[in-house]
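Remarks on the structure that follows.
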Amino acid sequence: MPNSTTEDSVAVPLLPSLRRATNSTSQVAIVGANVCPIESLDYEIAENDFFKQDWRGRSKVEIFQYVFMKWLLCFCIGIIVSLIGFANNLAVENLAGVKFVVTSNMMIAGRFAMGFVVFSVTNLILTLFASVITAFVAPAAAGSGIPEVKAYLNGVDAPEIFSLRTLIIKIIGNISAVSASLLIGKAGPMVHTGACVASILGQGGSKRYRLTWRWLRFFKNDRDRRDLVTCGAAAGIAASFRAPVGGVLFALEEMSSWWRSALLWRIFFSTAVVAIVLRALIDVCLSGKCGLFGKGGLIMFDVYSENASYHLGDVLPVLLLGVVGGILGSLYNFLLDKVLRAYNYIYEKGVTWKILLACAISIFTSCLLFGLPFLASCQPCPVDALEECPTIGRSGNFKKYQCPPGHYNDLASLIFNTNDDAIKNLFSKNTDFEFHYFSVLVFFVTCFFLSIFSYGIVAPAGLFVPVIVTGASYGRFVGMLLGSNSNLNHGLFAVLGAASFLGGTMRMTVSTCVILLELTNNLLLLPMMMVVLLISKTVADGFNANIYNLIMKLKGFPYLYSHAEPYMRQLLVGDVVTGPLQVFNGIEKVETIVHVLKTTNHNGFPVVDGPPLAAAPVLHGLILRAHILTLLKKRVFMPSPVACDSNTLSQFKAEEFAKKGSGRSDKIEDVELSEEELNMYLDLHPFSNASPYTVVETMSLAKALILFREVGIRHLLVIPKTSNRPPVVGILTRHDFMPEHILGLHPSVSRSKWKRLRIRLPFFS
């Protein structure tokens, strides 16, 4: 039966305020771990007299400087993100390495109880540190950050998501949380980290600390910052998996809502810089200068085999793997959705409960990771092992754990390890007989559920690596079941399993395929990987949405998809426009402007000319709240309602109208005017966008949505069908296209008639 519980249905956000009132003009969302107000970004260039004069005044040197700085910033993004990614991996591998070495040494000495205490207490301290600094210093750093970055690139802005404080806590918190053996990843936080680096570089410094760079003034707008953030997100993926092309495709397929060839070149340049820098740094680690776990983290999971081949008989198990990945992926998304909702009710009780939950998850995880290997039987070391067996303390396939000399614990090799090294063990070639069925199955179940319960804690945590390790475990299990009936070795099945689970949860095909190919250095798997990704995505799409879209909905982000809902074609623009509409005259009294700004939260106001400037009321343009505040602070008032002269424009600089960064924005309460000034007038004509986008009120809502999203605008003016009415009948914003708003205005619209086909199973209902 059809099911409308996915992205086609009305979002049921986590916020109680959003659940109670869906038609509120002010919007909030969960950013990281806290509820924050959100605003829309404006990618439209305001074509007013002041902008035209400023653009004409730019010299050829300034234009060259602008183009050159674009490429220089992309280079800087690549350098900084690669250094952060390397430091992140180095810190995690060594922190976790010290913990595992100390614990293993105690177990070798027979002090199992003390080993557990050291292991669990270390994990608890690291988790407590990560959750405390995140909850109290930078709540926006919680989670992976990918939903926030994806929403930003769609046009949704939130405070502090790209601030310096968020960047620092994201790095330190993720290092601490991953080192605590929580089943979380580094890739998602690296995407957010790259976006933070890009945004900070594009801000041109900080006025608060008197550190500003005038040569970056041209980038203080939403359009250029959007491009830089896209470069940063791609660089983050490239730094996580050493996959430069995969990073480009990830930004294209999953993150960016607007794309063009010029941006593609700059993103490719950034990821290429990341790859080169990481290669140089990794060469240093190969010489043993990076501490305990220098060969983990960013080193390739090399499963290349010259004699790897497959036949027609291998296609059927690969198809089965894709179907299983789609079903398990949709189940994973469903359960994660429910867990995040449950966590939110706990978080509503206060910060203390957030930290207590993180500590509880840490203790539970430590008990499982330490205790489960005792269920596995010891295996004799293979005589032809290519590495030391058993491996004591360090990474490897052969963990000694509680086993006698000459034996190893295969489950400990997977579960009592870092996530990166667990993936290396699962992907490793020529290891078809080193893991037992029971151990791989236990590891899969543990990863599947632990990653679900670990993601929602108040700490920087990603999903990419847990999904890979979970998929790799059941992929290897399928390969073990097939045994000699398949020409593919178990390591290749693990890679295909990881691909199928990524396709089932994240629904990315092209970028996932390239990332895994770059990660494993095995191009021979390309056809099989393409098939398994297509099947897993197709199967999973029959049940629910991809994981990041689900999380964005839960957080309350008003994300605009590239397609319009079918029921929108049955509604006109005029059906969703709500009032009252606030309009300014071209020459307006200052007192009126201040009153409107104080009594409304609107960020855009139509400017209308009437007699004596025009025979009948006519639309002149649109002016933004931020620009009005700049005019009020400058106090360019006139004693009578007359147009300003050219000298007025010369009093302003383009930087004064530039978009501020992550700092505190201007507010009307900060503007103090005398009674004399309130009775004066302000000419809005030179500063209004004289060519705003407009639609007639009889246009279908679906068509207006496509225009709104593709152009990337913040305000869409609605004009009347007939001429005997006011020149503007309303303004469409992002909020007006949200399903909960539309169906709140028109509850009689039958959604079931227009919903997409979904499969309903009793478990998913």
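Cβ from N, Cα, C; glycine included.
As a summary of secondary structure, the domain 'CBS 1' (568-640) carries 26 helix, 20 strand, 27 coil according to DSSP. Annotation comment: Swiss-Prot describes 568-640 as domain 'CBS 1'.
Summarising the annotation, Swiss-Prot assigns domain 'CBS 2' to 687-748 and lists sequence analysis as the type of evidence.
Annotation source Swiss-Prot lists phosphoserine at Ser646, citing similarity to another entry.
What Swiss-Prot lists as transmembrane segment is 67-87 (among others), and the listing cites sequence analysis. For the transmembrane segment (67-87), the list of distant contacts is 171, 190, 193-194, 197-198, 201-202, 215-216, 218-219, 224, 227-228, 231-232, 235-236, 238-240, 266-267, 269-274, 277-278, 281-282, 298: same-chain residues at least six beyond its ends, Cβ to Cβ under 8 Å.
If you look up Swiss-Prot, you'll see 116-136 (among others) marked as transmembrane segment.
According to Swiss-Prot, the feature transmembrane segment maps to 167-187 (among others), an assignment based on sequence analysis.
Marked as transmembrane segment by Swiss-Prot on the basis of sequence analysis: 190-210 (among others).
Annotation comment: Swiss-Prot describes 232-252 (among others) as transmembrane segment.
Swiss-Prot lists 262-282 (among others) with the feature transmembrane segment, giving sequence analysis as the kind of evidence.
The transmembrane segment annotation in Swiss-Prot covers 315-335 (among others).
Long-range neighbours of the transmembrane segment (438-458) within the same chain, counting only residues 6 or more positions beyond its ends whose Cβ lies under 8 Å from a Cβ of the stretch, are 33, 127, 131, 134-135, 139, 142-144, 177, 182-184, 328, 332, 335-336, 339-340, 343, 347, 354-355, 357-358, 361, 364-365, 368, 372, 375-376, 410-411, 414-415, 422, 466-467, 469-470, 473-474, 476-477, 480. The transmembrane segment feature in Swiss-Prot is assigned to 438-458 (among others).
Within its own chain, the transmembrane segment (462-482) is flanked in space by residues 144, 146, 174, 183-190, 240, 317, 320-321, 324-325, 328, 332, 414, 419-420, 422-423, 426-427, 432, 435, 437, 440-441, 443-444, 447-448, 450-451, 454-455, 488-502, 505-506, 547, which lie at least six positions past its ends and keep a Cβ under 8 Å from the stretch. The transmembrane segment annotation in Swiss-Prot covers 462-482 (among others).
Residues or ranges marked as transmembrane segment in Swiss-Prot (evidence: sequence analysis): 494-514 (among others).
If you look up Swiss-Prot, you'll see 515-535 (among others) marked as transmembrane segment, on the strength of sequence analysis.
Annotation comment: Swiss-Prot describes 715-735 (among others) as transmembrane segment, evidence class sequence analysis.
As a whole-number mean, the pLDDT of the domain 'CBS 2' (687-748) in this prediction is 89. When each of the listed stretches 116-136, 167-187, 232-252, 262-282, 515-535 is scored by C-beta pairs under 8 angstroms to the transmembrane segment (315-335), 515-535 comes out highest. Against the transmembrane segment (515-535), the recorded stretches 167-187, 232-252, 262-282 differ in Cβ pairs under 8 Å, and the greatest number is found for 232-252.
Of the recorded ranges 167-187, 232-252, 262-282, the transmembrane segment (494-514) has the largest number of C-beta contacts under 8 angstroms with 232-252. Under 8 Å from some Cβ of the transmembrane segment (167-187) lie the Cβ atoms of residues 84, 87-89, 91-92, 95-96, 99, 119, 122-124, 126-127, 129-131, 133-134, 137-138, 141, 144-145, 193, 196-197, 200, 236-237, 240-241, 361-362, 365-366, 369, 418-419, 447, 450-451, 454-455, 457, 459-469, all in the same chain and six or more residues away from its ends.
Counting residues per DSSP class in helix, strand and coil order gives 23 helix, 12 strand, 27 coil for the domain 'CBS 2' (687-748).
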